[in-house]
Amino acid sequence: IDHRCGREATPPGKLCNDGRCCSQWGWCGTTQAYCSGKCQSQCDCNRDL
């Protein structure tokens, strides 16, 4: 299940649960789509990428 994070979250700057990456679009996850590129926070949550 995805949850909002970063600039798009309420409150802004919210981190993802369980240390997941916050994508550039403000969604939490652990795949390359969330953790690479312009990831907002916790971008090293999946070091195998």
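From the backbone N, Cα and C atoms, a Cβ is placed for every residue, glycine too.
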Member of Cys16, Cys35, Cys39 annotated by Swiss-Prot as disulfide partner of Cys28: Cys16
Swiss-Prot annotation, disulfide partner of Cys43 among Cys39, Cys45: Cys39
Per Swiss-Prot, the disulfide partner of Cys22, chosen from Cys5, Cys45: Cys5
Whole-number Å value for how far Cys43 (disulfide bond) lies from Cys21 (disulfide bond) (Cα to Cα): 5
Cys5 (disulfide bond) to Cys43 (disulfide bond) - Cα separation in whole Å: 12
Top Cα neighbour of Cys35 (disulfide bond) in the set of disulfide-bonded residues Cys16, Cys22, Cys28, Cys43: Cys43
Rounded to the nearest Å - Cα separation of Cys39 (disulfide bond) and Cys22 (disulfide bond): 6
